[in-house]
């Protein structure tokens with residue numbers, strides 16, 4: 001398939017730049033614009049060197065070129081505070097927005113759990129939850145598809161060096177958004193999320209702990225099989241996703257211990273927390289792109305849809 005869907009990246013920081021490297025390998029996505037607000041940004045400079053068009057005028061600098069350059073998908077890797085306005089202006093032009101901030105104005109997307117359903121719904125904005133959500137919600141979903149989960153709790157530990165200013169600014173949103181997604185996507189009746197930023201040197205890879213309380217006695221064999229099947233699904237786009245220990249059963253509590261090592265595209269391998277976000281976003285966009293190229297989805301400007 002030689003035709004590709006043109007994409008814009010908003011936010012030339014750690015996540016935006018790593019995502020750019022992944023999109024350049026994609027058989028169906030073609031990154032053509034990088035959008036920032038700081039003319040001295042390293043990310044903008046790097047994107048220019050790779051042949052992308054760039055603007056330091058924010059989304060204002062991109063909008064006049066969207067239709068002329070055929071941009072159909074935009075990735076927003078800025079912050080929760082500006083995402084709603086970015087999304088509104090882009091979807092009005094018929095651009096599908098993949099949200100890598102915790103803004104969560106569109107439905108949550110965790111690829112191995114609900115991506116197929118979202119593609120079928122033809123939404124114009126999907127939210128990639130958070131790094132902790134992408135790492136842990138597949139495990140909660142793997143348990144809840146076997147039997148009801150009344151409580152799901154996750155603890156995501158990331159290295160201080162992999163937590164940029166955007167991550168630090170959005171910590172409250174991280175906990176709220178991840179907790180909601182544990183319930184809405186993971187299937188737990190109640191969800192809770194905790195993030196720990198670890199200053200250890202040398203930096204440690206992302207580690208995640210998942211605890212679930214089931215309504216009834218856990219079916220150990222079925223839950224174990226379900227978790228191992230889900231691990232394989234996540235590894236299709238995040239090869240460094242590993243089950244370190246578990247599932248461990250203690251009465252009605254099921255615990256799973258994970259680590260996530262990045263591919264090392266642009267970010268160091270210990271930044272698995274950022275890598276799982278960019279890999280999930282790229283996977284999501286690829287599935288939408290395949291549907292657009294096959295003629296099964298025709299993106300419409302939101303102004304005309306309303």
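Even glycines carry a Cβ here, placed using N, Cα and C.
Residues or ranges marked as active site, acyl-thioester intermediate by Swiss-Prot on the basis of sequence analysis: 131. Within 10 Å of the C-beta of residue 131 (active site, acyl-thioester intermediate) we count 30 further C-beta atoms, all protein chains included.
Here Swiss-Prot flags 162, 163, 164, 165, 166, 167, 168, 169, 170, 273 as NAD(+) binding site, drawing on sequence analysis. In sequence order, 79, 80, 101, 102 are the residues of the chain that are 6 or more apart from residue 170 (NAD(+) binding site) and have a CB within less than 8 Å of its CB.
Neighbour counts of Cβ atoms within 10 Å were taken for the binding-site residues 164, 166; the minimum is at 164. A Cα-Cα distance of 11 Å separates residue 162 (NAD(+) binding site) from residue 131 (active site, acyl-thioester intermediate). Sparsest Cβ environment among the binding-site residues 162, 168 (other Cβ atoms counted within 10 Å): 168. Across the fold, the C-alpha of residue 168 (NAD(+) binding site) and the C-alpha of residue 131 (active site, acyl-thioester intermediate) stand 13 Å from each other. Taking the Cα atom of each, residue 164 (NAD(+) binding site) and residue 131 (active site, acyl-thioester intermediate) are about 13 angstrom apart. Residue 166 (NAD(+) binding site) sits 12 Å from residue 131 (active site, acyl-thioester intermediate), taking the Cα positions as reference.
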